[in-house]
């Protein structure tokens, strides 16, 4: 191959930085230089049609058709559109410009880059131009109005060249850090990055069919690249078809219950969940699952066993699948000798992955066994009895008749007062209901038919008849709460000589406190604090208020665990107050009954405030009354409407001791 010079064009006054051929013909060429000018040169027909015997002739002179000062700074790149009607220039003045080929008339200026533009090119199919700049971005422009359509960001250094691939669907860029990036025009995302170059990549050329392109860089190397998209797509399609056929074969093997072949195929396809399903199907298949699974595991190769153990480690992390994992692990430990385990390359990793979760499952099973044992023991010690009806009861052969007894309800302190107040009314209602039931049983024996049908039959096949007294007590058992006593509790009651449960009266929690009125009021502070402590209130605080501004003598603050706890405690304190008060003492009201944060009660000599924990910290009532308003920011703020001064501490100095004592021990 021999190359000769056919023509020479002279006219630029500085270095020529870029040239571009016509896309449709060989009649002209465009050049740009550092002299800020763009020139269109006509190629003489004689130079193009030169023969071999004329190779020694002197080069012809190129005729400059048109010259235009295109930019304010050096021109870095020029390009000709596919239809030869437009040419584009890129310059260091941060702009790219569009000119008409005939006459070099300016048709548009593409502004938007923050630094110099290194390269410009046209899309082969769309009315789009692409530019790349030293601001590390690539932009797409509409050649109709010179507006920016898309921006690509991802390079960390100057982007030096840009080119279109795949009929304008992809962009190829190279940068000063030696990287080549492939972009998707549709998604604005970088598809792939290539880092074979070790220095700046200055040159990029794409073949006409876009199957090959060449890159050249400052590392003195040229790299030729080939498009393998179609080959990879074909390989992916073949792999997908193979995977679908294998999945179908696996489903057929499971349907045919060929567990060994199905398990091997699932291991080969790296399907841990599919292997788990096969093991579960094997367990549900019936028969001796341990022997079947042992036969399958003995026929696996060493590499298949290692893959299966990897799946076991994954299954073991979930409590739902740990049973299958532990079963496989147990059988493998029994079937394989220690030497085979030591030969595994990842034996240590497998053990480290299995140990923590196995210990956790073992502890969980131990807790479950302990709970089951406790339930069995409790059930064996239970004995249920019921109240005997008035008068002598008829003897019966019903084996569980002695298990029915009266129940003494277990009352919580805060709620006991309310139940005790209505105990007499409830007793009367229950006695009336029992009398009506007894009359109904005497008149209509059919109501207890379903109870008699549930009785066991004797040796002769006749069903034992249940007395009406037992049937009435059975209905009473369903309607009333019961206390279940075990054998040890009944023995302790018998040793102490205590009355049976049906003879014991309901315990009233108000009886635990004195019914006498206090000295300073219905409640003395000490007694009220003890009541609150017994009710489980926390963070108790007692404040003695100054005499000249006090509307009460003391203020008691307490924190409840919940809204129910707070309301029940307030109701209990009010009931105890009503029992202790005289006729001249007013009955306090529960202020804020519907509030879930703060309940207050005015008991003449004591102001009781019950909070939940969040409201106690938010309002900080004890801190405010302890230090006074001088140190409170909200109290120091000016108020527009201050007609009434209701602050009891307005003239109180912080040196006066307010906190009498902390009765909660804090």
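Yeah, the Cβs are placed from backbone N, Cα and C, and that goes for glycine too.
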Task: region 'Disordered' per TrEMBL - which of 249-304, 305-360, 361-416, 417-472 - done: 417-472
TODO: Mind checking which residues of the chain, 6+ beyond the ends of the repeat 'WD' (68-99), have their Cβ under 8 Å from one of its Cβ atoms?
DONE: 14, 17-25, 30-34, 36-40, 105-111, 113-122, 124, 129, 131, 133, 141, 143, 146
Open item on the list: Within the domain 'U3 small nucleolar RNA-associated protein 13 C-terminal' (247-380), count helix residues (DSSP H, G, I), strand residues (E, B) and coil residues, in that order.
Closed with: 110 helix, 0 strand, 24 coil
TODO: Please indicate, using numbers and ranges, the residues of the same chain that are 6 or more beyond the repeat 'WD' (194-235) and have a C-beta under 8 Å from a C-beta there.
DONE: 160-167, 172, 174-182
TODO: Mind looking up the mean pLDDT for the repeat 'WD' (194-235) in the predicted model?
DONE: 88
Task: the repeat 'WD' (110-151): DSSP-derived helix, strand, coil residue counts - done: 0 helix, 24 strand, 18 coil
